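In what follows, a single structure is set out as structure tokens and then discussed.
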Amino acid sequence: MQFLDNIRSSKFLILGLFLPQFVILGIYFHKLYLKFLSFCPNKNFLTWDPDARLVTSIRFAEAFRSFDPIMIVRLVFDSPTWPVLRNFPEALIILIFGPGGTPVSLFTFGELILLFLIVPWILFRFSKRKSQIAPPLLFPLVWAGLLQNPGFMHYSFSGMLEIQGGLFFLPAVLALWELQRYRSDEVEILHSSRNPNSLLQEGSKQINSGFVSTKSILTNSYSPWFLCISANLLFHTKYPYGYIFIFFGCLFLITFRFDETKQFIFKILNFYGLFLNESSFLRNRLERNDSVFSIKNVLEKEDLGSFPKNVSVEKNFDSLAKNRSEKTKSVFSKENFFKRIKWHALIPIGCAILLILVTIIFSKETLPGKTKAYLRYAGALIFWVSINFVVWKIFYRLQKRDETLRFKDRLKNSILRFGSRSAQTGSTSRSSDAQSLSYTWKYFWTYVIFPIGSWALIHPDRFSSSTSTIRHIQGAGLMPGQSEDSIFSFIYFREILDNSFYVPYGGWVLCAGLIIGIIFGGFHFWKNHEVSASFFLFLSVFVSILGLTLITPNHQPRHIYHLYPALLIAICIFCYERFSEGRTKILSYLVYSIFLIFTLGYWSWKHSDIWERTNLCFSGTDRGLFFTAKDAESVFLKTVNRSSVLWNLLSLEHHNRPDIMLSFYRAGFYNRQKVREKNKKEKFDLQKIRISGSDWFIVTDRCDEIGNRIGIPFDEIKQSVSEDNWNSIRGACILKVDG
């Protein structure tokens, strides 16, 4: 048996199990790379959102090239729609390889490879490091499942952010899991160290060892910076990813850390003078229990059998209950309620609520333009600053004061002749309860909620854009503004059922795994009062889908693509946990075998078929879709020879509208000219253009429509502009007005 255990823990065996898998993946990735280069004719254009992000990356690259730090700072903070995290590597790619679309698509492919590389590490961390042989045996379920996911792989060679979201979602969920797990382990050790039997067995040696082990956990076991970096990387990939992650974290802590959440809320309310009785009840309960416990320990230690123990304990109980009832009565009295409230602290909250109510009550006619948006932003900002001031004071200033008081209590009680150990136990009880009821929320608020919320509110346009994104209406396969009739849409679950696997009924198996994992995880929590790793992962996926369904009417299947790696890892951890428990080994073998057949088995059997069916061309395979964009780029490269302005009058639904804009900025980058788009409030004036020193480019569907679109008679424009500046291309017309 010792020989087998040594083999299982051998690093050479682990390497031998991983190495063939990575060799297979390397060969398959190389084939995907060659397929993308050979079969995708429109690699230079990324379409819609990726085009707009690439334009911003070109502006970053131009700012780096011209050493313009002011423009860099402006672009970083003025990012209302998309974060700039993706723009920095894209800007570096542009400076090295140029502003083409192919390098950007290959960068996403590199993120996909990195995602596959970190999966073994994620499996190892979630399996609690108990078995080193488990990750290589579970890894095939993940990579074989992802490689035959048509939607996920369709985004692997694109400028979209779903792959990057999946890459950063895994460490963010892992960091949150380790935070709540760390607090659970710490509380368990603290409670065991407070056990009177264990404390009195070996005297002070047992006590000191308990304190040392607890302190080592506090200082060395967990770093909140891992949570901070991973969660903010996820948020700065796409803002909604961060909001949904906060939604999951808050819902999880409210449900499974209810006492801590309740204490956290009561502390906030107590700061304003509300519900002061709850804090008093908790504090009195701790003091009463510690006092009685100290009396019992002293009597048992000294073996004072002749003393009437029961009578003294009952008297102590009666006196404490009497004092508590008197305090409760004074707290609940109506005459003290209004005196207790800190009205000056509630003024900012009242102003914030008033501003938000004004935006709800009054219509756009009463509050024209961006007035409603700015009032809503002002209300949210005032509320955010006020509530963070309270939370910061609770977590840091009050905690330092409590630690000082606890130190003084321990110092005072240590000189007592009788009951010194019980006093230390009571002090430990108060300290551990206070810490266990604050640290999880403290870390989550300080390192996740605070930076994300502050970044969203640091710019009014970003706040308005975030709310607009949440309220944006669009259903699967529909145009913007169109959606399904009910907000309780099952589009995401239908996407998992129908399009998550090439293998027939693979999506049904995946959904069944999600349901089974949640059921068994809930039963395990009900029985053992412990959240398992697989249950946590299943909840992160399910709650994210729930949040995407209920919070916003913007329901598109791609919004859940970043959750597929976490879902497959959850199934792997579920199989490992069931196998480790022993009682459910049969279920573990069954689930593992089924998923191994539907992932690695089908991928190995239909390898060539899956490779042929995998669509890597995000911009499509029809060359005719981008004739207009290619012709426009050739025109811009020849004519953008000075500072220029683009007025894109193509319809918002026009397929090549974002490609025209991208071609214009590419020409400016290649020709080293300053280019920009026309501002919304900027008016077209031929006289001002003549003296401005900047050329204007107007793009419409047809040349004869330009006059109607800009509000100037066509004959007047034709007389003012040379015939050489009229460029009729396939599907559009470009007019250059010399400055």
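Backbone N, Cα and C define each Cβ position, glycine as well.
In TrEMBL, annotation is done automatically, which means it is predicted and not curated.
Long-range neighbours of the transmembrane segment (12-29) within the same chain, counting only residues 6 or more positions beyond its ends whose Cβ lies under 8 Å from a Cβ of the stretch, are 109, 113, 116, 120, 132-133, 135-137, 139-140, 143, 147, 611. What TrEMBL records for 12-29 (among others) is transmembrane segment.
Positions annotated as transmembrane segment by TrEMBL: 91-124 (among others).
Taken from TrEMBL, the feature transmembrane segment applies to 163-179 (among others).
The list of residues near the transmembrane segment (241-258) in space but at least 6 beyond its ends in sequence, with Cβ under 8 angstroms from a Cβ of it, reads 165, 168-169, 172, 176, 180, 231-232, 234-235, 440-441, 444, 448-449, 452, 466, 470, 525, 531, 536, 539-540, 543-544, 547-548, 551, 562. Sequence annotations record features per position, and here TrEMBL assigns transmembrane segment to 241-258 (among others).
Annotation comment: TrEMBL describes 343-362 (among others) as transmembrane segment. Sequence-distant contacts of the transmembrane segment (343-362), counting only residues of its own chain at least 6 positions beyond either end whose CB sits under 8 Å from a CB of the stretch, comprise 271-273, 372, 375-376, 378-380, 382-383, 385-387, 390.
Under the heading transmembrane segment, TrEMBL lists 374-396 (among others).
TrEMBL lists 439-458 (among others) with the feature transmembrane segment.
For 505-526 (among others), the entry in TrEMBL reads transmembrane segment. Residues 145, 148, 256, 493, 496-499, 532, 534-539, 541-542, 567, 570-571, 574, 578, 584, 591, 594-595, 598, 602 of the same chain lie 6 or more positions beyond the ends of the transmembrane segment (505-526) yet place their CB under 8 Å from a CB of it.
For 533-553 (among others), the entry in TrEMBL reads transmembrane segment.
As annotated by TrEMBL, transmembrane segment applies to 559-579 (among others).
Feature annotation from TrEMBL assigns transmembrane segment to 586-605 (among others). Within the same chain, residues 140-141, 144-145, 147-148, 501-503, 506, 509, 513, 516, 568, 571, 574-579 sit at least 6 positions outside the transmembrane segment (586-605) and bring their C-beta atoms closer than 8 Å to a C-beta of that stretch.
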Winner by Cβ pairs under 8 Å against the transmembrane segment (91-124), considering only 163-179, 374-396, 559-579: 163-179
